[in-house]
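A.B. asks: The active site, proton acceptor annotation in TrEMBL covers Asp372. The annotation active site, schiff-base intermediate with substrate is assigned in TrEMBL to Tyr457. Residues annotated as domain 'Copper amine oxidase N2-terminal' in TrEMBL: 76-142. According to TrEMBL, the domain 'Copper amine oxidase N3-terminal' annotation covers 161-256. Sequence annotations record features per position, and here TrEMBL assigns domain 'Copper amine oxidase catalytic' to 300-704. Residues or ranges marked as 2',4',5'-topaquinone in TrEMBL: Tyr457. Taken from TrEMBL, the feature transmembrane segment applies to 7-26.
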Amino acid sequence: MNSLVKWGLILFVLVSIILNIVLIGIHSSRSPKCSSQRVHPLRGKHDDRSLVFADLTREEYLQVQQYMLKQRDLNIATKQITKPSENFLFLIDLSLPKKADALAYLDGKGNKPTREATVVVFHGAQGCIKEYVVGPLPSPKYHRDVTKERYKTELPITARTVTIGEYHLLFQFLETEVFSKLEKVMKESFDVGKDKKLNAFEQMPRGVRSGDRKTWISFFRDMSGMYIHPVGFEVLINHESVNASAWKVERVLYNGQYFDTVEELKQKYNTTSVKKIVYKESPDYGSLKPKNKPLQIGPQLFYAEGKRFSVSKNHVLYLDWSFAFGLSSLTGMRVFDVRFKNERIAYELSVQEAMSVYGSVTPGMILTKFLDSSIGIGRFAHELVRGVDCPYEATYVDTYRYIDVPTPIRFRNSICIFEHNMGQPLRRHFSDFFHNSYGGMVNSALVFRTITAIGNYDYMWDFIFYQSGSVEAKVHATGYISSSYMVDGSWKYGHQVAEKVLGNIHTHFINFKVDLDVLGVKNVFQTKDMEFVNVSLPWMPDHYAMVPQLVENQLKTEKEAALRYNTKTPRYLHIASNKTNRWGHQRSYRLQVFSFTGDHLPESQAEEKAMSWARYKVAITKHKDLEQTSSSLYSQNNIWTPAVDFSKYIDDNENIENEDLVAWVTTGFLHIPHAEDIPNTVTVGNGGGVLLRPHNYFDEDPSIHSADGVYFGPGSENSCDKNRMACLAQDTCSPVLEPFTYHGFDGVMKFEDWL
């Protein structure tokens, strides 16, 4: 017995030792946490001069608010449920400095521009909207009315954005003037009662002529993705008056049938002279809950040697790049003073507008033309989800905004910045003949991102900085489609995507501002393309061949440089300097637009003036400080007489040779919703953008100087000297990786083998 116990103990000890060895091995193979210490030092230094473009701080917002409240003659309120008949402080935002002043300061040739804020007040008591510039910050001492200066006109109160205060009154109006009077209809058709409501979604613009404020409101089930659960009930409310007591219901749509009043619908419903909607429970097809349990995490971003970029305040450094950034409540993401190898490439690259035009047979969508900057694009940049919206290890930045709120709001992690392997080599070549070698470089770029969820749609905005000296401004759309209740004739306007649900056809047009400064502010606009020319062969003069030839032009005026969508556009568009590279070619940056837009709204339509920027694939104008944006806060609700009509920027037809030029770029896509848009739209294939590419700007590809280059020949595949990939598996903080191997030279063609 003692012998058995003895051998049992020995066996137990041996098993324990083996298990410990295995566990130690497993544990040691795991990746230890990498040091965040930077291996390669930054190539530049952070510069606080970038703060001239910085969004207002929380303290600055409060200082401006308190200053405006002290102006007793303005009699301003800041409560979120301020009535339309009162004066409401709607917006505080940074007032950008004049470009010449900013450039002088950035280049060390001038004083720091005065820091100021723009304040928008809805003067309901006076029936107008005013914009004020308040300064200097941080201790405001003055304000001035700049409305006429900026817009050359007065702004009527009907042009205002619908505020939380007005929505509060609208929802009360719907309850007392619609739902409470149609209790039987609501219960039998939609199962609506005291504990179950319908959700509202508005048509815009609000009417058919200037001064209108008549809104068709469509109703949807209170379910996940409500936008794809229409019920077939719509109401037209006239809320032109700033006094809610004067509001009224002008029309009602129920199951494709129109009624002049709520009372008429009620009476005809009770007499069974209408085609009734019978409530039927709807499946939860709009839910984004996974239908399968997640089993594992997908590939993750990994900084093997620490981050190669740095963010300080509103300034970013990345390898040879530097830029300042901000997030406008109205227009969204923007960057300034973009430099590569310390040369300014662009003064400003910014989002301007996101516009959609819908088709439908029902009123809630038939007139809909959304102009998102009038609601606020940047206003809806919420916290980004780590590991989904952006890589887990991205750098996240908080923002503050003051728009339709009583106090500035902090939006945590609403911007993310990360370096990303774009998934393909930036360049490469495998040399098969004669000189066997491999040379390549990973396409690692810096991504600056925010995502805005404006109602049903989510837009992902990316500015991408490549090591080749290129910058890309890109947008992808996701979120939920807008839908309408199926009635006769609906299939002309989209596809059915669920029971009694039509996904409505619509366009997406996105406008970017690209203020390139190519080696200064004296630039020209050039186009390049090709044409086939019939030429005689030098060695056989009597024989001819069609040969592609370069065609170059320099456009001289704004009208010449307004390139419409419905005309053939040269394939190469350049903002060029008068300086040349080593080979005698003008140094320039090319605008390469990626777009799949639908047709633009015909110019015969009154609403088109508010979106006239969408006529053009690219339009080049002479820079003016008073032509800051292509759209405005007031375009949506005064779409027929817009405060900013972009076409007027071009109508004066100014000279654009050797001037400070701005490119306005339009991109987007046509969306014909389909079954795969349920539950919601994917980003794949739904987007567009513009790529800014150096064209003869350098004497060679600047990425050839990047430390990311890889080069090896036969016998040196595993050398770390010019191939860091060969040593990655040996790195003490790397994930568990297979050792680097390469056998590509084994099968190369050798001419000597043929002899």
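Placement of Cβ uses the backbone N, Cα and C atoms for every residue, glycine included.
Predicted automatically and left uncurated, TrEMBL annotations should be read as such.
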A.B. asks: Test of understanding: give the count of other CB atoms lying within 10 angstroms of the CB of the residue listed as 'active site, proton acceptor'.
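C.D. replies: There are 26 such Cβ atoms around the residue listed as 'active site, proton acceptor'.
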A.B. asks: State the count of C-beta atoms found within 10 angstroms of the C-beta of the residue listed as 'active site, schiff-base intermediate with substrate', not counting that atom itself.
C.D. replies: 24
A.B. asks: For the residue listed as 'active site, schiff-base intermediate with substrate' and Asp372 (active site, proton acceptor), what Cα-Cα distance in Å is obtained after rounding to a whole number?
C.D. replies: 10
